[in-house]
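Per TrEMBL, the features are as follows:
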DOMAIN    26-287  domain 'G-protein coupled receptors family 1 profile'
TRANSMEM  12-37  transmembrane segment
TRANSMEM  58-81  transmembrane segment
TRANSMEM  101-124  transmembrane segment
TRANSMEM  145-164  transmembrane segment
TRANSMEM  180-208  transmembrane segment
TRANSMEM  229-251  transmembrane segment
TRANSMEM  263-288  transmembrane segment
Amino acid sequence: MQDVYTTAQLLMIIAGIVMLIFGSIGNLLNIYVFTLWSRSHRSQRDPHNTNQAKNSALYLLASSVSNLIIILYPLLTRIIFDGFDYSVSSYEVISLCKFRFFVLHTCDLLSLTCFCMATFDRYLMTSRNVHLRNLSTTKKRTIQIILLILFLLCLHSIPLLIFFKNSSTNDCDVDSNEYYYYYLFVIQIFLHGILPIVFLSIFGTLTFRQLNRLQINSRLNVDKQLSRMLLLMSLAIILSSIPYCIEQIHYGMFSRDDQQQSALVFLLHVISSLLFYTNPVSSFYIYFVSTPHFRREVQRLVFRDKHHHRFINNQIHTIDKLHHSH
C-alpha cells in the first residue's frame, strides 16, 4: 500500500506542476483574446446585436480570470498538500485553510456560473424565437450581472472563513457538524457537480440543435464557432465533474476506511482532484483546437511579437551598417 501512496504523491507532483504551467499560460491567453472580443467595435448595420454578442466574451473573460486565480493559489497549495504530504500548522490556518477554501469555492463557482451564463446567452442568441433573442442583455448589464454574481458568491463563502479550522491531523476541516453537511452536500456535490452538469447538459443540447438549423454565412460564422466552442467545453466540464461528484458522495456516505484501504482511497482522491482542476486548466486548449477564430487571435499575437523582434533586429543591423560606412 505504501507504493500506491507514493505513486499517488508522484502523480500529484508531476501532473499538478504540468497543469500549473500550461494552465497559467492558457488562461493568460484566454484573458487576452476575450478582452479583445469584449472590446470589439460595434457594427454599423446592427450595433445592438453586436453589443449582445460581446456578452459571452465578457462571461468567459470573468471565468478565465477566476480560473487563473484557482490555478495560482488553490491548485498550487493542493500540489503542496497531497504531493509533499504537507501539514498545516496553527499559524497557517488563515492562509492555507480559511482563505484558501474561500478563494477556491468563490472563484470556482464564479467560473462555472459565468460559463453557464455564456452558454445560456449563446442559447438565446442562436434561437429563432425573437423574444428569446431579445432576452440577451446589453454589455453594461452583463458587467453588472457578473459583479452581482461575485458579490453573492463572496457572501455565500463567508462561513468558510469561520468554520474551516486545523484538525487534529493537521488537515483543513470544517469545525461544525451542521455546516459540514451543508458544505458537503450543497456546495461540493450540488453546486460544484450536479447543478452545472444538469444545466450544461440541457442548454448545451438545446444550443447544439439550434446550431444545426442555422445557415452558415459571414455574419453568423463567428457566433456559430463561439457556440460550438462552449458546447465542447461544456462536455469537458461534465466529464471531469462526474468523478469529483462521485468522490464527494462516497465521502459523505461512508466513514474513513482502515489503513489498508487508505492508500487506494488517497490515489482515487488525487485522480479526482486532478480531474477537478482540469476545468480551469484545459479551457484554452479546447478553445484553440475547436475554434478557428480564437486560434487566429492567438496566432496574431504570437506572429506580431515575432514581427516586432524582426523589425528591431533589422533596425539594429541597419544602424550598424551606417555606422561602419562612416
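Placement of Cβ uses the backbone N, Cα and C atoms for every residue, glycine included.
No curator has checked TrEMBL annotations; they are predicted automatically.
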**Request:** Report yes or no: does the transmembrane segment (229-251) come within contact of the transmembrane segment (101-124), defined as 3 or more CB pairs under 8 Å with a sequence separation of 6 or more?
**Result:** yes
**Asked** Looking at the stretches 12-37, 58-81, 101-124, 180-208, 263-288, which one shares the most CB pairs under 8 Å with the transmembrane segment (145-164)?
**Response** 101-124
**Mean per-residue pLDDT computed across the domain 'G-protein coupled receptors family 1 profile' (26-287)** = 83
**Fill in**
In the same chain, residues at least 6 away from the ends of the transmembrane segment (101-124) whose Cβ sits under 8 Å of its Cβ atoms read 52, 55-56, 59-60, 62-63, 66-67, 69-70, 73-74, 132-133, 135-136, 145-146, 149-150, 153-154, 156-158, 160-161, 164, 172, 187, 191-192, 196, 199-200, 203-204, 206-207, 210, 223, 226-227, 230-231, 233-234, 237, 279-280
